[in-house]
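Positions annotated as substrate binding site by TrEMBL: Arg388. Per TrEMBL, domain 'Aminotransferase class V' is recorded for 48-144, 168-244. The N6-(pyridoxal phosphate)lysine annotation in TrEMBL covers Lys235.
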Amino acid sequence: RAMATSLLHVAPPEELLRPLAVPERLLLGPGPSNVPGRIRAAGARQLLGHMHPEVLQVMDEIKAGIRYAFQTQNRLTLAISGSGHCAMEAALFNLLEKGDTVLVAVNGIWGARAADIARRLGANVHELLKAPGKYFTPQDIEQVSAGHCAVSTSCPPVWSPSPCVTQGLVQHKPLVLFITHGESSTGVLQPLEGLGELCHRHGCLLLVDAVASLGGAPIFMDQQEIDVLYSGSQKVLNAPPGSAPISFSERARAPGSDTGPTAPSCARGCLTWGWSSLWRRRWVRGKPTTSTATTERGQREDTALCSWKCAWAAFDAREKSPRSVMLSPGTVLGSPGAVGLKKARLPTITTVRVPEGYDWRDITAFLMDEHGMEIAGGLGPTVGKVLRIGLMGCNSTRGNVERVLGALRDALQRCHRSRL
């Protein structure tokens, strides 16, 4: 042992020898959100093996919880190990092959990100564009529409100052339409009514990103004829990041195949998984893999909480959440919201323009340092233009609304304001 120790030329870092100190903060940004005690307790339990029967039972319970949350009967429903971004990749990897045509609705960073991933897969990508703060109508998606186009294919795109014409389902005849339900970079809630039926009429699959909206805005996968739906665990669901619920309709599976197309990444090959723990028991005998058992337990507690505590799957979430959440920040800051139409405002993340003369970084740093509270600046096309305030899941209380509004009032009085 002495000889082995003498060969170590890199000393153990002193910071890792000290106890971990985690400050208490109120997370009111666009995610992650605070985690309830029941979910934290589930993650603190002893680790189990990924093939233990208790873990397989938890997987089945998670599957049932996701079906409830998504309002679907789809057999291919599961939680993958990874973030919401991993679920985006998994959805696109399992639907697209080289040369397939995909139409991507881009009105913020997540549509642009999906288009980028699809291009890397070799798909034929067409973008349907709206300026940040706007949403798509069925007419925009079906045929020709006027909008602000991207003058570059960067992520996020650079928008043209003048409107231009883009084409939709009729012209491009895509295999898949990608659209974001809750665009967290701009605060837009995309209406989904009629889009599934429209896509199917044109022989197209509907892929929906609900990372920032699931649990905070109504979504009904089967009723709205959504073919692939995914979300993330760390936002409205109030679970730790690292687990992403996803579901595929029967229509989304490749015709005549039990597993669908071969995904280019084994880690994202969702169509090889998710049927049931019994199917998995048979499959892993020859091809073992390791699940994140502690994350799965947190996801299980999360879906259990959703089942008995959250009634958003049957009610209009915007009508049941504090009304001041969507309106008061702009009044306090003396600046308008970034989304004009009330029906298009994402209830989970409110975007409000940065008050004139202030630097958004000063405001967010002040709230963090003086109030132990996180809010965020813009992302992608809204960087430097907006503040994003998230009230999701257990954080969406009237007390937190009043707390963040009071902190914003304090920031306006004490942060530097330019007179230029």
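Cβ atoms here come from the backbone N, Cα and C positions, even for glycine.
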Q) In sequence order, which same-chain residues at least six apart have a C-beta under 8 angstroms from the residue listed as 'N6-(pyridoxal phosphate)lysine'? A) Pro30, Gly31, Pro32, Ser33, Gly84, Val211, Ala212, Leu214, Gly215, Gly216, Thr348, Gly390, Met392, Gly393
Q: Let me know how many other Cβ atoms fall within 10 Å of the Cβ of the residue listed as 'substrate binding site'.
A: 26
Q: Helix, strand, coil: count each for the residues of the domain 'Aminotransferase class V' (48-144), based on DSSP.
A: 47 helix, 18 strand, 32 coil
